[in-house]
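J.: I am attaching a structure below and will ask some questions about it afterwards.
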Ligand SMILES: Nc1ncnc2c1ncn2[C@@H]1O[C@H](COP(=O)(O)OP(=O)(O)OP(=O)(O)O)[C@@H](O)[C@H]1O
Ligand SMILES: [Mg+2]
């Protein structure tokens with residue numbers, strides 16, 4: 001009896017799980033499908049799901065009209081660069097706050113997070129003017145710098161929670177076992193901190209990859225990442241759904257692949273702080 | 001080589017005075033137990049000796065050398081933590097070998113010492129496992145193995161058995177005592193379990209609110225507690241305390257009598273008490289009685305002792321086993 005009930009429950013959960021998963025994934029699936037339709041089919045009512053004339057012509061058009069490779073290189077440089085730069089600043093910061101907290105540590109953390117509560121447009125004009133005056137507009141360096149700053153609070157917070165989970169006892173044990181500070185870091189702290197740093201890196205690369213506000217406002221062509229590449233098909237040619245879909249598919253493909261391979265780290269990253 | 005001397009050591013955290021000032025001599029090879037209620041500063045004192053906390057005042061001498069300012073890594077002490085504090089990313093072998101590698105020993109020497117320690121602690125079959133694949137008792141043994149390989153001048157234990165179940169705790173208690181006999185090294189052992197203290201210690205240090213209440217061998221503390229706190233803390237079940245008229249007759253503010261030093265009968269005795277609850281442990285029976293106008297009392301009788309609840313019995317304290325205390329709680333001789 002009990003076994004049958006639990007089997008039924010498992011089946012129900014499986015079905016619900018797949019249904020929710022499909023629902024969440026549907027927009028992406030639809031985008032990919034649309035990218036293989038002709039413009040006419042793309043807007044056809046009722047919408048056609050699988051049985052239409054598959055065509056790769058949108059991809060060819062998108063390829064010939066814009067320089068996908070350059071946008072992708074920009075995206076990689078900017079998201080990876082800003083993440084690495086962010087980690088470089090955030091690791092010592094989070095480290096200090098996790099391992100030698102003071103009375104003000106919580107306040108500092110809150111203050112950092114509070115910068116994320118300010119709507120980005122609020123500082124668009126001053127940042128834009130600064131970029132103009134320093135000649136950073138439409139430069140990879142400028143975008144990397146701005147994304148580093150935008151995501152820094154998140155990186156610090158994530159690392160802080162990960163570092164906090166490393167039990168102080170273990171570090172003290174290393175000290176008792178005769179490890180100098182250097183050896184303690186290399187043999188004990190680093191191996192325990194690496195998984196946390198890895199998931200922070202992954203999540204942040206994705207955040208930076210998808211960041212659209214600053215990248216769109218501060219770049220035009222030379223440094224424009226994939227967000228600008230998609231946007232180019234959405235504003236002036238908003239009605240060309242098929243081409244827009246092709247551009248979107250091309251833009252999310254690399255990050256989708258990365259996400260697939262890093263699933264486990266990502267799940268830890270997305271739920272950070274939620275569970276102990 | 002393993003003598004430890006605390007000279008006027010004190011510790012404050014911010015405004016909180018955790019340890020006012022402690023003097024303590026620990027001889028080489030002694031098994032010393034720090035015992036006291038939760039929050040009395042046992043762990044803090046141990047961590048001061050280890051160097052994991054800085055003293056606020058006073059000096060710590062290890063083997064006659066002033067080590068007050070020496071970092072933990074160079075005090076040549078080994079510590080076993082309550083949480084085991086194993087390195088989760090290293091195998092059992094890696095954990096035990098770690099202190100030896102830190103000391104820069106050659107790999108064949110490390111290999112041999114790890115094998116020796118594993119044999120002593122019955123860990124040979126588990127050397128390649130990770131800590132998370134071990135049971136609590138096995139983890140505890142790895143923590144001990146990590147401590148013994150490097151031949152420290154003294155061992156520090158902070159409630160090492162409190163995460164184990166009762167049966168395992170008794171077994172590990174014995175193992176640690178045997179280890180002490182084998183290694184003949186100074187051991188300082190923190191616990192709030194007075195049974196552990198009584199069974200393992202050469203010398204017990206009873207702490208209360210950061211102060212040393214009394215230092216002595218288990219039997220000294222049992223026979224001649226210096227004050228009410230020690231009298232009440234050492235011994236199980238707890239010593240009975242009576243004040244008022246019963247105490248005044250003996251010229252004391254409070255008198256104490258251990259449950260095992262009471263005789264019960266229907267015929268004669270100093271007091272008359274009514275039986276409440278009887279706890280049967282098999283080997284012993286703990287009887288909880290109430291004496292009119294005096295208060296509650298516990299008596300420890302043999303396992304066969306039978307008494308009905310509500311029955312009235314005569315209670316006779318054993319001659320010479322009554323402890324007398326003055327109004328400040330200090331023992332009167
Ligand atoms: N880092 C710290 N900051 C402030 N107060 C502390 C700190 N560490 C310990 N204390 C305080 O010092 C007192 C003694 O703590 P300690 O850990 O030494 O107690 P303990 O005797 O080991 O207790 P337990 O049996 O519960 O482990 C406690 O009141 C505790 O709150
Ligand atoms: Mg403690």
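Start at 1 and count along the chain as shown; that gives each residue its number.
Glycine is no exception: its Cβ is also placed from the backbone N, Cα and C atoms.
Got these off TrEMBL a minute ago, pasting:
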type: TRANSMEM; residues: A:12-33; note: transmembrane segment
type: DOMAIN; residues: A:72-262; note: domain 'ABC transmembrane type-1'
type: TRANSMEM; residues: A:76-96; note: transmembrane segment
type: TRANSMEM; residues: A:108-131; note: transmembrane segment
type: TRANSMEM; residues: A:143-163; note: transmembrane segment
type: TRANSMEM; residues: A:184-209; note: transmembrane segment
type: TRANSMEM; residues: A:240-262; note: transmembrane segment
J.: Which one, A:12-33, A:143-163, A:240-262, has the most C-beta pairs under 8 Å toward the transmembrane segment (A:108-131)?
T.: A:143-163
J.: Verify whether three or more Cβ pairs under 8 angstroms connect the transmembrane segment (A:240-262) with the transmembrane segment (A:12-33), leaving out any pair fewer than 6 apart in sequence.
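T.: When sequence-distant Cβ pairs are counted, the transmembrane segment (A:240-262) touches the transmembrane segment (A:12-33), since at least 3 lie under 8 Å.
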J.: Using a cut-off of under 8 Å between C-beta atoms, tell me which stretch among A:76-96, A:184-209, A:240-262 contacts the transmembrane segment (A:143-163) the most.
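T.: It is A:76-96 that shares the most Cβ pairs under 8 Å with the transmembrane segment (A:143-163).
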